[in-house]
Amino acid sequence: MSFQRSKIIWKFLFLFPIATSIMFFAPPSVRFLIGLIPMDKCTLESVEMLTSGNSADSSLDLWSRNDVQTCTSWKAPIIWEGMFTPSHYDQIHRNKGSSVALTVFAVGRYLDAYLETFLNSSEQHFMSSLPVTYYVFTDSPELVPNIKLAPNRHLKVIEVERHTRWQDISMMRMKAISDVIESDIRHHATHVFCFDVDQVFTGRFGPEALGDSVALLHAHYYHLPRMLFTYDHNPKSKAFMKTGDFYYHAAIFGGSWRSVKALTEACYRSIMADKENEVEALWHDESHLNRYFWLHKPSRVLSPEYCWDTSIGYRSDIQVYRLLWAPKDYYNLRTS
């Protein structure tokens, strides 16, 4: 074993328990102090310097939030409350004819536990100004609840196999999403957003979130130093990373249908390559997603407002909750 590889492994063994302890077991006082760690600041002198490729972003106020980072080092915007005018994005995307496909997996006990609440809350808050089609992937199509949908909103059910291990369900969604984009979504929607089902919309989640390639800052990591990000540090895995830009949450990702198809295909290839080598990435599809966004920078980054965990406690920079983690009961949900 080379010295460099040994160094990486020992660093991981030392830092991983620290990061996971902070994420899951830190008392409220520690989490509050973590929230005081300053983020980097946007250094752009003009909004015209953004490279998002989104004409609507000319109205963004990157300096309205001096408490957070509002752009990345590669000049993509990071979207926070107070930076944008909602009606402006609604009008721009209506005029462009934007439409959105929302994919969500509700397999096994996750369907009964979360799906109805997820869909009902989405009807209230998700892209309410645009046409939306829900793509519900499930092993029990007959149990999908009958949700009252607004005009220009539709629901399609795709039957999928239920894998024995929840980790395989999580990772195999990449292929399922790629397949349905190819067979259906690309003919009907301009954008795709992919969600975990154990979440509840609580505030506007609108067209300001749309972009060519969209990633989400993980609520538990956005104030932590980069050395504590739990990337996969196993050199044998295709998800291997020494370092990165941010730590992204796989509970939400999106973009144009072409970009999401490219992302899901690449992650699926990496997952299958790991399987052939009898390797499993640390955080499964999330590890592969972080690797992909390290190599292919997202054109838009969403702040943790778009997927917040209230167990973190008070954070002054979180001015609105747009989507919340639902209560977790992993033992009962992930056991047969």
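Glycine is treated like the rest: Cβ placed from N, Cα and C.
The structure displayed is predicted, hence computed values, not measured ones.
Here is what TrEMBL records for this protein:
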TRANSMEM  12-34  transmembrane segment
BINDING   Phe105, Ala106, Val107, Tyr110, Asp196, Val197, Asp198  UDP-N-acetyl-alpha-D-galactosamine binding site
BINDING   Asp196, Asp198  Mn(2+) binding site
ACT_SITE  Glu286  active site, nucleophile
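What surrounds the UDP-N-acetyl-alpha-D-galactosamine site, by Cβ distance within 8 Å of the Cβ centroid and not counting Phe105, Ala106, Val107, Tyr110, Asp196, Val197, Asp198, is the set Val104, Leu111, Tyr114, Leu115, Phe118 from the same chain. Long-range C-beta contacts of Asp198 (UDP-N-acetyl-alpha-D-galactosamine binding site), restricted to its own chain and to partners at least six residues apart, with a cutoff below 8 Å, comprise Tyr110, Ala113, Tyr114, Phe118, Trp325, Ala326, Lys328. Once the Cα atoms of Phe105, Ala106, Val107, Tyr110, Asp196, Val197, Asp198, the listed binders of UDP-N-acetyl-alpha-D-galactosamine, are compared pairwise, the greatest separation found is 11 Å. The shortest Cα-Cα distance between Glu286 (active site, nucleophile) and any of the binding-site residues Phe105, Ala106, Val107 is the one to Phe105.
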